[in-house]
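Peer 1: There's a structure below that I have some questions on.
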Amino acid sequence: MAGLRITTWNVNGIRNPFGYQPWRDKRTFEAMFDILEADIVVMQETKIQRKDLRDDMVLVPGWDVYFSLPKHKKGYSGVAIYTRSSVCAPIRAEEGITGILTPPNSTVSFYDLPEDKQIGGYPSITQLSDCSLDAATLDSEGRCVILEFAAFVLIGVYSPANRDESRDEFRIGFLNALDARVRNLVAAGKRVFLTGDLNIIREEIDTANAEEQLRKHGMTGEEYVSTPARRLLNQLLVGGKVIGDRDEGRENPVLVDICRNFHATRKGMFTCWETKINARPGNFGSRIDYVLCSKDWEGWFCESNIQEGLIGSDHCPVYAVVKEKVTVDGKEVHIKDVVNPSGMFKDGVRLREWSTKDLLPMSARLIPEFDRRRNIRDMFARKPSLKISESSASLPLEESQQSDAESIVNRSSEASKGPSATEAHITPASLALPVGQATSMPSYSKHGAKRDSDSSETTRPVKRMKSGQASKVNTVTTGKGAAGKGQSSLIGFFKPKVAMPSPSSGAKLTEGFNGTVSENAPEVQQLDALPGPESPHSTKSSRTTLGLSSALAESKSVIDPIVSKESWSKLLGKRVVPRCEHNESCISFKTKKPGENCGRFFYMCARPLGPSGQKEKNSQWRCGTFIWSSDWTNGDET
């Protein structure tokens, strides 16, 4: 039986996994964490701001959560660490890597707190001297949350990606600060667990695109592992490839690559795939998500792996499992005893329950919007009893439904007329009602709305009162008999249609036409066919309708319906797409690369790239079919 399972996952948006199986069935974080079988979940790229936090993110039953969100950019970066309260509870929590940020509701930086309140290991000015960016800038993008448990320090990070040269200084500055923090904590005698999306490919074995990258950049293998970010990571890791002399202050490696240690020669152990080229089915990806620990507790772990079968992001989860019983100072103890505050567990058995008193200031549960709040599930655990009055209960079902329907129709018709028209239709009956009854509104409880059914009529204010206005409130009745002049009720929609008008009325209608075609022309032709008395009016109407009929007949041209259908089908019909070498329909893409072809559409094979990352011939992977959309017309096989 496992003692503690830590999972890291770049979710590419905190709600993004809920669009995929198996997460979409229940769509709750509690169910997600149960499927992951994790006790600590470290998420990256949450892509939210504080205003976007919701109850289901923060008030997860049985879980606590700590966020680091970007200070300025929207929908960008973000790290969250969820901890299962029944298994582990941190004793300290911080945001950021440098210690310059402050706890909630405080103006004192983490590194200025008393020693018993801080995690420690903060980078010194000397260690950050090579970076021109200040500490506040490095910690402004919501890229790090640090939790200290009684047994170890957990650092959850989302390192900057290698997008373009404009971000190189920030990226290397952040990684230098991270390296310094880890080394300082280890030097202070603390066990360290570093996890997250580091956005660094450690060696050639960790990417399917190594050969292409070497060829593209004209590099050798040694030059590839010696790029600044890779060199920094490899100097941090035991067994890392370091070409030449080590940097000053990095003479000794301090961390172990847990997942690689359990699968030393495994190829294709990738954690990230490019979605634009559908690279995941062919496993054409890279390993940039890591679970790392300091050397002094490497033996605590019994398992580590990737979970490439779990869909929900362009990354997959990576986990490491701590044994149920571990050795501390030569003595075997239960992991729950050492990972929780003193006195909470003994021999793996809980001595006292976790409570809100164990919450740390960094906990999202203490954010004012969520503090002392209940989860939505708890709110509906006890359903409120609805009082039903005798008058509404005694009404037959059909009559009560009919009354409600009329009320809805009348309210909508009154609202469309505006305040002035509504006030004009106040009936004497409504004015004669007692004041308390005429101005009463339906009462609403905390858990929902309840109709006030003490009367068969429902009233509402005509318009909102303005400040300083008299307290007199105009009301309108929306019951059965309240339909005013010009108003329609729901019953009217179910009445039979009005019978055809008499011949005399038909004659009057046709007199209104002076040789012009109106929208009522078809009705006029039908009325003309009805027998009627000989009179000047009927003779005149006959001549008028005859003229209209002839005008309509002359205006029609002979159109072949088959030809017309074919023409419209070619113009508006679905375009036939070309087929690839597999005799399958191609898919369309748009060129976004700057240049003369930017914005052009093209067709290519719909199958994913294979493990080679190249288009292949006579294989199950993507073939070499490529057709510009402008060169393709329906039926062509260019």
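Heads up, the Cβ atoms here are built off N, Cα and C, so glycines get one too.
Remember, it's a predicted structure, so these values are computed and weren't measured experimentally.
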Peer 1: Among E45, E165, E248, E353, indicate the single residue that TrEMBL lists for the Mg(2+) site containing N10, D197, N199, D314, H315.
Peer 2: E45
Peer 1: Summarise the domain 'GRF-type' (580-632) as counts of helix, strand and coil residues per DSSP.
Peer 2: 3 helix, 12 strand, 38 coil
Peer 1: Fill in the CA-CA distance, D289 (site 'Important for catalytic activity') to D314 (Mg(2+) binding site), as an integer in Å.
Peer 2: 12
Peer 1: Need one number: mean pLDDT over the domain 'GRF-type' (580-632).
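Peer 2: Value for the domain 'GRF-type' (580-632), mean pLDDT as a whole number: 80.
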Peer 1: How many other Cβ atoms sit within 10 Å of the Cβ of D289 (site 'Important for catalytic activity')?
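Peer 2: For D289 (site 'Important for catalytic activity'), the 10 Å Cβ neighbour count is 24.
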Peer 1: How many whole Å apart are the CA atoms of E45 (Mg(2+) binding site) and Y158 (active site)?
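Peer 2: Cα of E45 (Mg(2+) binding site) to Cα of Y158 (active site) measures 7 Å after rounding.
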Peer 1: Can you tell which of the binding-site residues (E45, D197, D314) has the fewest other C-beta atoms within 10 angstroms of its C-beta?
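Peer 2: D314, out of the binding-site residues E45, D197, D314, has the fewest neighbouring Cβ atoms within 10 Å.
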Peer 1: Please report the Cα separation of N10 (Mg(2+) binding site) and Y158 (active site) in Å, rounded to an integer.
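Peer 2: If we compare the Cα positions of N10 (Mg(2+) binding site) and Y158 (active site), the gap is 8 Å.
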Peer 1: Looking only at N10, N199, which of these binding-site residues has the biggest number of Cβ atoms within 10 Å around its Cβ?
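Peer 2: Result for the most crowded candidate: N10.
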